[in-house]
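What TrEMBL says about this protein:
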- Trp32, Ser66, Phe67, Glu68, Cys90, Val91, Ile92, Phe123: 5-amino-6-(D-ribitylamino)uracil binding site (BINDING)
- Glu95, Thr96, Arg137: (2S)-2-hydroxy-3-oxobutyl phosphate binding site (BINDING)
- His98: active site, proton donor (ACT_SITE)
Amino acid sequence: MATQLKNLSDFSSASEIPSAESFSFGIVVAEWNAEITNALYQGAYSTLLKYGAKPENIHSFTVPGSFELTTGADLILKNKMVDAVICLGCVIRGETRHFDFICDAVANGVTNVAVKYSKPVIFGVLTTDNQQQAIDRSGGKHGNKGDEAAVTAIKMAKLNETLIN
Ligand SMILES: Nc1c(NC[C@H](O)[C@H](O)[C@H](O)CO)[nH]c(=O)[nH]c1=O
Ligand SMILES: CC(=O)[C@@H](O)COP(=O)(O)O
C-alpha cells in the first residue's frame, strides 16, 4: 500500500511549505468514528498553527458523518471568508456496500464544491477496511492524515493567492 511507503506527517523532504499566517481556514469534521476524527482534527489544527495560522482564522465545525462533509464544506464557503476548507472523516468498511457509496459521494462531492467556489477543499477522509488501519493513519505508525490535509490546504491556498494576484 502506498501509505506504508510514506509517513503522512513527514514533510522533511517535501517542497517548501509556505507560511499560513495570512490565510483563513475552515475545518469540517465528521462525528462518526469520533476517536479517529478527533485525532485527525488535532493533527490538522496543530499543523496549521505550526506553519503560522492564527487561531482566530481557523473556523471549525462538525457534521454527523462523512457523507455530510460535502454540505458542511459548501456551507462554510457560502458563509465564511476562508482560503481553504479541510474535510476530515473516517469511513470504515462494514458488511454492506454502504462504504462504497459514502466514499464515492464524499470524494466527488468535495471536488464539486471546490470547483463551485474556486477554493481548495481538501479530502482528509480515511477510507479503511478496519479500525486498525484508521488508528495507524490518525497519529499512529503511518502518521496523521490531518497533518497531510493541513499542509495541502496551506499549499493550495498559496497557489490560489499566487494565481489570483
Ligand atoms: N458508516 C460510517 C458513516 N455513516 C454515516 C454517513 O456518513 C451519513 O452520516 C449517514 O448515511 C446519513 O446521511 N459515516 C462515517 O463518517 N464513517 C462511517 O464509517
Ligand atoms: C461505512 C458504513 O456505513 C458502514 O460502517 C456501515 O456498516 P454496514 O455496511 O455493516 O451496515
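Each residue, glycine too, has its Cβ placed from N, Cα and C.
Overlay of TrEMBL feature records on the structure.
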residue	record	DSSP (3 states)
Trp32	5-amino-6-(D-ribitylamino)uracil binding site	coil
Ser66	5-amino-6-(D-ribitylamino)uracil binding site	helix
Cys90	5-amino-6-(D-ribitylamino)uracil binding site	strand
Glu95	(2S)-2-hydroxy-3-oxobutyl phosphate binding site	coil
Arg137	(2S)-2-hydroxy-3-oxobutyl phosphate binding site	coil
Could you state the CA-to-CA distance between Ser66 (5-amino-6-(D-ribitylamino)uracil binding site) and Thr96 ((2S)-2-hydroxy-3-oxobutyl phosphate binding site) to the nearest Å?
-> 17
Filter the candidate list Ser66, Val91, Ile92, Glu95, Phe123, Arg137 of binding-site residues, keeping only entries whose CB is under 6 Å from an atom of ligand 1.
-> Ser66, Val91, Ile92
Residues among the binding-site residues Trp32, Ser66, Phe67, Glu68, Cys90 that border ligand 2 - Cβ under 6 angstroms, in sequence order | none
Using Cα coordinates, what distance in whole Å links Glu95 ((2S)-2-hydroxy-3-oxobutyl phosphate binding site) and Trp32 (5-amino-6-(D-ribitylamino)uracil binding site)?
-> 17
In the structure shown, with every protein chain counted, which of the recorded positions His98, Arg137 has the densest set of Cβ atoms within 10 angstroms of its Cβ?
-> Arg137
Could you check the binding-site residues Ser66, Thr96 and say which one's CB has the fewest neighbouring CB atoms inside 10 Å?
-> Thr96
Tally every other Cβ atom lying within 10 Å of the Cβ atom of Ile92 (5-amino-6-(D-ribitylamino)uracil binding site).
-> 17
Where does Phe123 (5-amino-6-(D-ribitylamino)uracil binding site) sit in the DSSP three-state scheme?
-> strand
